[in-house]
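Data first, discussion second: the structure below is written as C-alpha cells.
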Amino acid sequence: MERREFVTSLVAGGCAGMCVDLTLFPLDTIKTRLQSQQGFYKAGGFRGIYAGVPSAAVGSFPNAAAFFVTYDCTKSLLGAGGVLAAPHVAPVTHMLAASLGEIVACLIRVPTEVVKQRTQASPSSSTYRMLLATLREEGIRGLYRGYGSTVLREIPFSLVQFPLWEYLKTLWSWRQGHTLYSWQAAVCGAFAGAVAALVTTPLDVAKTRIMLAKAGSTTASGNIPLVLYEVWKSRGITGLFAGSIPRVTFISVGGFIFLGAYEKVRSTLL
C-alpha cells in the first residue's frame, strides 16, 4: 500500500467515524438504555440524551481510522497475488480484512465504549467522573471489560456488512457501467448495515450487559453464552433483540453516513 493511499484511508476513515458517531449519538444512548439490566427509564429514559458524548468524540476518529487503515492494507496485501487475488474469492478477502480491522479498532473502541455506555446509563454522572471511577475501582482492566464480547459482536457484524457492501457496490457499478458515486456507495452501506445490525443484535445485548454489570458479578465475567441464556430466561426473544429498532436505524443511517463519507473523502483525496 502506497503512502498516499495509507494517509487517505487514515483521514477518510477518521472523518467518517466522527461524522456518524456524533450525528447519531442520541439513538445510541436510547439503544444502550433499552438494553441495560436496570431498564430504560431507570437508566435515564430520554433525559441527558448526550451523556457520554465526550468519550465518543475522543474515540471515534482514531477508532475508525485504525479500522480502515487495517482493512485497506489487508485487502491490498491479500489481493496482491496468490489464491485470494481471484475475483470469485473476493468475499473471503473482505471478511478477513474486516475481521482484522475490527480486532485492531476495538483496542481503541472498547475503553471509550465502556466509559460512554456507563455514562449513558447513569446520566447524573459526567464522562470524566465515570472514567476516574472505572480506573479507581477496576484499573485499566476495567476499561477493557467486554473487549472479547465486543470483538465477538463486531467480527460477525463485519463478516456480513463488508462483503455485502462490496458485493452491492460491484453489482451496481457493473449494471450502470461506471464507478459508483459516493451517494450510491452510501446506499449500499445503509442496506448492508441494516442486515448486519439485525442479525447481530443478541451479541450487542450481551456486550452491553457485560459492560454495565457491577464489578465481580457473574455477568461482568464476560461469559457470552451465559449472559444470553440469562436474558432469554428473563425476557425471552424480546430481551435478546432489545434495542433492535434503534440499533438497525442507527447502523443503517450510520452505514449511509459512515461509508458514504469514507468514499467521498477518499475519492476527494485521491
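Heads up, the Cβ atoms here are built off N, Cα and C, so glycines get one too.
As recorded in TrEMBL, the features of this protein are as follows:
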type: REPEAT; residues: 4-77; note: repeat 'Solcar'
type: TRANSMEM; residues: 6-27; note: transmembrane segment
type: TRANSMEM; residues: 48-69; note: transmembrane segment
type: REPEAT; residues: 89-171; note: repeat 'Solcar'
type: TRANSMEM; residues: 180-199; note: transmembrane segment
type: REPEAT; residues: 180-268; note: repeat 'Solcar'
type: TRANSMEM; residues: 244-262; note: transmembrane segment
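Tertiary proximity for the transmembrane segment (48-69) is limited to same-chain residues at least six positions away from its ends with a CB under 8 Å from its CB atoms, namely 6, 9-18, 20-22, 25-26, 28-30, 101-102, 104-105, 107-109, 111-113, 115-120, 122-125, 127-128, 130-131, 258, 262.
Across the range of the repeat 'Solcar' (180-268), the DSSP-based residue counts are 75 helix, 0 strand, 14 coil. Among residues of the same chain six or more beyond the transmembrane segment (180-199), those with a C-beta under 8 A of the stretch's C-beta atoms are 156-158, 160-162, 164-165, 168-169, 172-173, 244, 247-248, 250-261, 263-264, 267. Remark: secondary structure over the repeat 'Solcar' (89-171) totals 75 helix, 0 strand, 8 coil, with classes taken from DSSP.
Residues in the repeat 'Solcar' (4-77) partition by DSSP class (helix H, G, I; strand E, B; coil) as 56 helix, 0 strand, 18 coil.
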